[in-house]
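What Swiss-Prot says about this one:
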- HIS5, HIS7, GLU93, ASP208: divalent metal cation 1 binding site (BINDING)
- GLU93, HIS134, HIS158: divalent metal cation 2 binding site (BINDING)
Amino acid sequence: MVDAHTHLDACGARDADTVRSLVERAAAAGVTAVVTVADDLESARWVTRAAEWDRRVYAAVALHPTRADALTDAARAELERLVAHPRVVAVGETGIDMYWPGRLDGCAEPHVQREAFAWHIDLAKRTGKPLMIHNRQADRDVLDVLRAEGAPDTVILHCFSSDAAMARTCVDAGWLLSLSGTVSFRTARELREAVPLMPVEQLLVETDAPYLTPHPHRGLANEPYCLPYTVRALAELVNRRPEEVALITTSNARRAYGLGWMRQ
């Protein structure tokens, strides 16, 4: 299995040894690769180093939409340098977050987020790397910017949590939907009803660790080793065997991120 989106630094990793420890725990649960994702410039530097420390780790770099105010000319130049690294496999996470403005001190305003999102879209197109989207309560805004700018060849909706209408739009566009532990939450009714509409060939699985720990460990700290719980919940919703879902989503991740051959 491939954890298509995680945050090893937020899980407590600091150096090569602590990265290896997290990845070894994941490997023992059948997770053979992880994509660790940046949310600011400091973490973009860190995830790139982490991907050099262990061959099972890959990186994605961008500024999180809530931090879009920090996208200065200097930040753009550094992100362009980092995204060219061969171990960086995606531009992300970027997008639009309409939940935090007004709730989180220092959160970028929506118009600033839109401008930063457009820049990251262009970066993904220029580099040929997948675009990894953070969308929180912003379906219409995300679609508006993607349509205005033109989507890259590969688009990944990280931690997809929208309804059936948004799922159909994304599927019809050929985008990938990455599902987290949220699919195991009985309270996530709209998402769980939307999942059967998603072709498994367009699905990825992720932990978004240390957040969104899947059932039955909800409320505890999440790590990449918890990914099989999400795979089992997803398998139940699409009426497939967990082993089959693991195989297909691993193949999807390999293709999307250009990971090459690896064990499922």
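Backbone N, Cα and C define each Cβ position, glycine as well.
When each of the binding-site residues HIS5, HIS7, HIS158 is scored by how many other Cβ atoms sit within 10 Å of its Cβ, HIS7 comes out lowest. Counting neighbouring Cβ atoms within 10 Å of each of the binding-site residues (GLU93, ASP208), the lowest count belongs to ASP208. Apart from the site residues HIS5, HIS7, GLU93, ASP208, the chain places the Cβ of THR6, VAL37, HIS158, CYS159, GLU206, THR207, ALA209, TYR211 no farther than 8 Å from the centroid of the site's Cβ atoms, the recorded divalent metal cation 1 location. HIS7 (divalent metal cation 1 binding site) carries neither a helix nor a strand DSSP state and counts as coil. Excluding GLU93, HIS134, HIS158 themselves, the residues of that chain whose CB lies within 8 A of the CB mean position for the divalent metal cation 2 site are, in sequence, HIS5, VAL37, HIS64, GLY92, THR94, GLY95, MET132, ILE133, ASN135, CYS159. For HIS134 (divalent metal cation 2 binding site), the number of other Cβ atoms no farther than 10 Å from its own Cβ, over all displayed protein chains, is 25.
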